[in-house]
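Structure first, commentary second.
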Amino acid sequence: MVPFRWGLLLGCLGSALGPGAQAQFPRVCMTVGSLQAKECCPPLGAEPSNVCGSLEGRGRCAEVQADTRPWSGPYVLRNQDDRERWPRKFFDRTCRCTGNFAGYNCGDCKFGWTGPNCDQKKPLVVRQNIHSLTAQEREQFLGALDLAKNTPHPDYVITTQHWLGLLGPNGTQPQIANCSIYDLFVWLHYYSVRDTLLGPGRPYKAIDFSHQGPAFVTWHRYHLLWLERALQRLTGNESFAVPYWNFATGRNECDVCTDQLLGAARPDDPTLISQNSRFSSWEIVCDSLDDYNRRVTLCNGTYEGLLRRNQVGRNSEKLPSLKDIEDCLSLKQFDNPPFFQNSTFSFRNALEGFDKADGTLDSQVMSLHNLVHSFLNGTSALPHSAANDPVFVVLHSFTDAIFDEWMKRFSPPVDAWPQELAPIGHNRMYNMVPFFPPVTNEELFLTADQLGYSYAIDLPVSVEGTPDWTTTLSVVMGMLVVLVGLSALLLFLQYRRLRKGYTPLMETQLSHKRYTEEA
């Protein structure tokens, strides 16, 4: 099986979002002066001296802490990729916020907190099954996605060149682009999986910061939280929650691929989205990975064609089943060495889909997350382009729900996550690429309620793995029935013997009847 390789990109401008929408880099820091100084510590508000909200006790400008522990895996280069020791190829100093403050200038609150001083717990936002949404809730979700696709981001921009060429050929023009909110969501994913650029036509492909390792679960969790907060602000609804798609149907059809939800297939070309769906006009970004590698450049947000799904020819493939979810949730180890796509009996690797759902390894089999992407095919089939499809949002919401259920069942200690020798980007204290300000994997290795949200869901429990009182009672009752039966048989035999007396052994006639035959 070819390992998943995914991606995303675009440019951003103004709307109703705030400084907590943490993505690539804040526009205010993408100046020649800031890039040369490698410092992104903007003031909060109009007062220039209020750097990082320091006058209000919200934060200060500080040295970036980047993980330097050794990594393992196929990436063996050093100082060749601008994502190493993220984000120090770009900035050495950023705002470090205190308490529950957050954001590139400490002007926001951490997930799950609110109030002027970020000291008030927000009510949990509840992520529901997309099929359980009311007509109004469904329209709000779909409309918010479409609005995000067409609304420039107010605060963040993306880079269109790697760090050595970031200031342009003359060193005076930062190579950046604006993007829509949703396309920035796509770009973040693309950037996390793109190849290392070594020269024209010389990509180094053995690298992935968001897949094939422990960070798969935390990276996608933060990615989804980022979008959810952006949509909350875009809609003016702080209780807005992205729904999930329970893909564990075991069927060979996509039940969210309808015109009422995320778009049916177009009758005259089933690889395109039905023209009755708002998503039929969505164009994709960051799809031409080979072209970027040839030109030694990054995705710049140019539209590259329509969104596609291609389930034609996939009829023999079926989505995961509830039994697969049950098997995955029975795995007690979060991850196992080598913390890569060949780890066995690893909850993370089974959920990601490189292991079978029960944790055994079969290189010819895809399961769970990987299987769903393969099933959708088209734009969803490759990591660098998959997030273009809005199904990505509800697919990963359900994947995160499974992760959250595992966290609640097993309450793993923090050292269940390796501090070192995971693939690059996947050590516990590595700053997740390309989120900014920096945030580590460890900070997301929590239950969802600690991050301000929950799921309206009941996931299956393995009877074998988690015996309860009903199982014990069934066993006891079965034993009692057997004892009563034996007692009755003994009494009957005793009765027969008393009536007929004894028959000498030599005179006994042995029966040749089988147990399944009538006497």
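Along the chain as shown, the residues are counted starting at 1.
Backbone N, Cα and C define each Cβ position, glycine as well.
Remember, it's a predicted structure, so these values are computed and weren't measured experimentally.
In Swiss-Prot, the Zn(2+) B site is described by His369, His373, and among His384, His396 the residue recorded at this site is His396. When the Cα of Asn342 (N-linked glycosylation site) is compared against those of the recorded positions His211, His220, His369, Asn377, His396, the shortest separation belongs to His211.
Closest to Asn300 (N-linked glycosylation site) in space, going by CA atoms and restricting to the recorded positions Asn170, His189, His220, His373, Asn377, is His189.
A gap of 16 Å separates the Cα atoms of Asn178 (N-linked glycosylation site) and His189 (Zn(2+) A binding site). Geometry remark: His189 (Zn(2+) A binding site) versus His396 (Zn(2+) B binding site), CA distance 12 Å. Taking the C-alpha atom of His396 (Zn(2+) B binding site) as reference, the shortest distance to any of the recorded positions His211, His220, Asn237, Asn377 belongs to His220. Considering other CB atoms within 10 Å as the measure, the emptiest surroundings among the binding-site residues His211, His396 are those of His396. DSSP gives His189 (Zn(2+) A binding site) a helix state. For His373 (Zn(2+) B binding site), the nearest of the recorded positions Asn170, His220, Asn237 in terms of C-alpha separation is His220.
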